[in-house]
Amino acid sequence: MKKIEIEPMTRLEGHGKIAIFLDDKGNVADAFYQIVEFRGYETFLRGLPIEEVPRTVSTICGVCRAVHHTASTKASDGVYGVEPTETAKKIRELYLNAHYVEDHCAILYALGLPDFVVGIEADPAERNLVGLIKKVGVDVGKTVLKKRFAAVKVLEMLGGKPIHPVAGLPGGWSKRITEDERKEIEALAKEMVELGELTLQVFEDVILKNEKLLELITADYYRVVVNYLGTVDDAGKVNYYDGWQVGIDTKGNEVFRFKGKDYLNYIAERVVPWSYVKMPYFKQLGWKGFVDGEGTSLYSVGPLARCNIGDMNTPKAKEAQEKMFDVLKERPIHYIMAYHWARAVELLNAAERVLELAQDPEITSPDVRAELGEVTGEGVGIIEAPRGTLIHHYKTDENGIVTDANLIVATTHNHAPINIAIKKAAQHFIQENKEINDKLLNYVEIAYRPYDICQACASHALPGRYPLEVLVYDSEGELIKTIRNF
């Protein structure tokens, strides 16, 4: 049996590979997406005081640091049996939504959209952020980078550091927002809203007005019919920070809803021998293997899942969400390329929410931390990360020292559907007597990019470093320097 390997996988966070197995006729028999980074953080956290964990887990991933910090801080509330103050909750939500703007922007422009804007079969040297800017215009590129920095600035103001935050504490937040800071955040939020509107306009001008790309988005070989999991508030609107975790089936019917550690009653994880990452599924439906379609127990999380489950909680984003359903003519939407569209909708939603919270008079209250209670020995923090539902679950001894940790991240939730998506694409494009080249294989690679894979988060990589070698050549082609991290 012939084997094709795509390694490294490109334009994603972390390191993984795709293994495609062909039968004797040259058709695809099977395909696997493998995360090759080793799982380590859950063991590493044991022995730490719970109040140190939020700062520590932010180092799991430099891109996803804000969500691990926030989910872990929520879990630490449970360990100390404390309900954060309303102001603290709003600051945390403000922080999380600013991260959404920063993250969704980076994923769309640097990782997801180059395939569509530059071209799926374009030279890989051009099919990137720089190539995208050449296509949409330097002025647009400058505007995007400037307005994305507005979100980074808010993250630095609230989190204490732009990359690995330190402000989250059990029961609240370590620093209040002054009136001057509130005004600055409000001004920055208005720039973020403009970024959201611009992104949806770029999506419409470049993709929706192109019939071939629209056909690609709605192609059956990029369609994975599974269940969905996401978080909504009591009114059924999407909420990234808090609410009910809701599971729906392939037709959009609610299967269950839960909060906190009840997740153990609804989500099970299956270990497979070829990956360091487990395969979650809806527990009450039982493991049915790597199959999609009605009756499957597999599910997806993330922007498209959230849009399928609940309505956007801000006006402009709600209007954009409704347009997506109108154009694609289904809800729930199962076309995986629509993840990019849903991500653009959420970028605007998060920006609008940052502006709403910045204009909330309670956001500057000095009441940012509640008094801690007795150590309960267990805490669960669940939020919606940009990539999807994120669960941090800790157990401690009577002194608040971590004895056990379980982290279920978005890429883990999506692991099985990603494998199905890759296999479907491979079976469609790799066939008997067909030349296999880089252009063709990119049609397989674009099947995983909508999920915004983060390998480091999924494997909780430790030490989080992949062997890397950089060769520097001069203008004459002579090797002048070699840089290694191993």
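From the backbone N, Cα and C atoms, a Cβ is placed for every residue, glycine too.
Feature annotations, courtesy of Swiss-Prot:
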BINDING   Cys61, Cys64  Ni(2+) binding site
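The Cβ neighbour count for Cys64 (Ni(2+) binding site), using a 10 Å radius over every protein chain in view, is 24. The DSSP secondary structure for Cys64 (Ni(2+) binding site) is coil. Around the Cβ of Cys61 (Ni(2+) binding site), the number of neighbouring Cβ atoms within 10 Å comes to 22.
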